[in-house]
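*Asks:* Here's a structure for you.
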Amino acid sequence: MENDVKVDEKVEEADRLLPPHSLPSNSDDEESEAAFDARDKIVIVDFESADDPSAAAPPFSWRKLWLFTGPGFLMSIAFLDPGNLEGDLQAGAIAGYSLLWLLMWATAMGLLIQMLSARVGVATGRHLAELCRDEYPTWARYVLWSMAEIALIGADIQEVIGSAIAIQILSRGVLPLWAGVVITASDCFLFLFLENYGVRKLEAMFAVLIATMGLSFAWMFGETKPSGKELMIGILLPRLSSKTIRQAVGVVGCVIMPHNVFLHSALVQSRQIDPKRKSRVQEALNYYLIESSVALFISFMINLFVTTVFAKGFYGTEKANNIGLVNAGQYLQEKFGGGLLPILYIWGIGLLAAGQSSTITGTYAGQFIMGGFLNLRLKKWMRAVITRSCAIVPTMIVAIVFNTSEASLDVLNEWLNVLQSVQIPFALLPLLTLVSKEEVMGDFKIGPVLQRIAWTVAALVMIINGYLLLDFFVSEVNGFMFGVTVCVWTTAYVAFIVYLISHSNFFSSPWSSSSIELPKRVTVSDS
């Protein structure tokens, strides 16, 4: 009888540790499509304490780390997309080595945000878009979905155009930009083909693409021989001048990609763990922290290679203010020429790997965003084709219209960067709201200290991107009607952000004094 009571207590504890959204339900959500089918998940086998839900986590295992490795590297692709590479090369050309410290700390901020996203996915067994569907009223849910789709389309245009530029470089100009867009669009079918063979095959392909980027840009770094002394000073000594403010804002703004926040919360569900066992959830979070840290360190090194190469070649020159993704390869060739392999083609190979990998992860993210917000029950190939079409059609129009001018493509890219900046709050605020709620996260709700850090980072990112928006609109917005339109949209935009913040109980926790538990007064009687 006593043993039965102990078993019942353990079951009750396991149920308490399980976040409510992960509990079985008889509602329609039970039929909602999961991020990964059970047969596609990688099973994390536990050999010890299988019958004890409260058992402590087992010691570190290299084998388990290998099983958990993958989602963080797919997530890190967003830190290496063509938009980021353009930000890197412009920062290097205009600011030299002086913003490397900011690149390092921006990557660290990105790691914090992405680990909160992973925490939501592991602890609840559902991804961010699905949780937003339940958390917000219908009108707000559709606004969030629309904003996420717009951000994804904007990012995809940059990524596909980057791939098309690389294809144009490697074909020696034979293939026009629109042909490169068509070729890049076909990656959707490659994605579907590899996905049928399991998530591990897909992750292996991304590992090859990341290695290609790493080798290409490391080769460029070795060929151009940037100053090691200046590099170390740039990393260790914070410097910022009025002339490099815009590049600094761009470095930070490129790190947080709205669709990537949604993506990572779904990718971590490709590993099958027992969500009823607190120790196993914590173990998964620990391994994901290790592999995501390694992945983002590699992405930081690749971004550093690009920044320092262009700092070495173009900082302080007349070309510095005119360099962009379109003409970067040609400028490199004119400056450094080529040895065994011309630097133009090394750049083209790295850019192609960046563009192809980021467009495929964009397709992946689009499936989760659409399926999660709208609760669509479509076959994977159908969702991938729909997602791909939403991005390719506007990209094809862009390629045809802007194919004649390098300057026009650079202007377009600035507008697309602004578009990404506008969308950032609509991914960050729901994430911070959900990861701070005990009814969603159970025991894995983040504590007051981490809440303060996360909200501070989010506020910093939004303020920096707000500066970018203000700077851009002051210089670009001309005409009365256009100005009125921008003011109307800005008012609606700010109002929705205020709504999201108020929905998160931001002012009552964790900042208010009432959220701090004071010690209870103890009364001692004379007796």
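Glycine is treated like the rest: Cβ placed from N, Cα and C.
Heads up, TrEMBL stuff is auto-annotated, nobody curated it.
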*Asks:* For the annotation transmembrane segment in TrEMBL, which listed range does it cover: 148-167, 248-267?
*Replies:* 248-267
*Asks:* Take a look at 100-122, 175-194, 206-222 and tell me which one has the most Cβ pairs under 8 Å to the transmembrane segment (248-267).
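*Replies:* Looking at each of 100-122, 175-194, 206-222 in turn, the most contacts to the transmembrane segment (248-267) are made by 100-122.
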*Asks:* Could you pull out which residues elsewhere in the chain have a CB under 8 Å from any CB of the transmembrane segment (288-311), counting only those six or more residues past its ends?
*Replies:* 65, 68-73, 75-76, 79-80, 84-85, 88-93, 95-97, 99-100, 103-104, 107, 110-111, 114-115, 118, 122, 210, 213-214, 217-218, 220-221, 224, 226, 230-231, 268, 323, 328, 332
*Asks:* What residues elsewhere in the chain lie close to the transmembrane segment (175-194), defined as a C-beta under 8 angstroms and at least 6 residues from its ends?
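*Replies:* Apart from its flanks, the transmembrane segment (175-194) reaches 160-161, 163-168, 201-202, 205, 355-356, 359-360, 363-364, 380-381, 384-385, 388, 392, 395-396, 399-400, 402-403.
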*Asks:* When you scan the chain for residues with a C-beta under 8 Å from the transmembrane segment (344-365), skipping those not six or more beyond its ends, what do you find?
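*Replies:* Distant Cβ neighbours of the transmembrane segment (344-365) are 74, 77-78, 80-82, 85, 152, 155-156, 159-160, 162-167, 169-170, 184, 187-188, 190-191, 206, 209-210, 212-213, 216-217, 219-220, 223, 259-260, 262-263, 267, 325, 328-330, 332-333, 338, 384, 387-388, 391.
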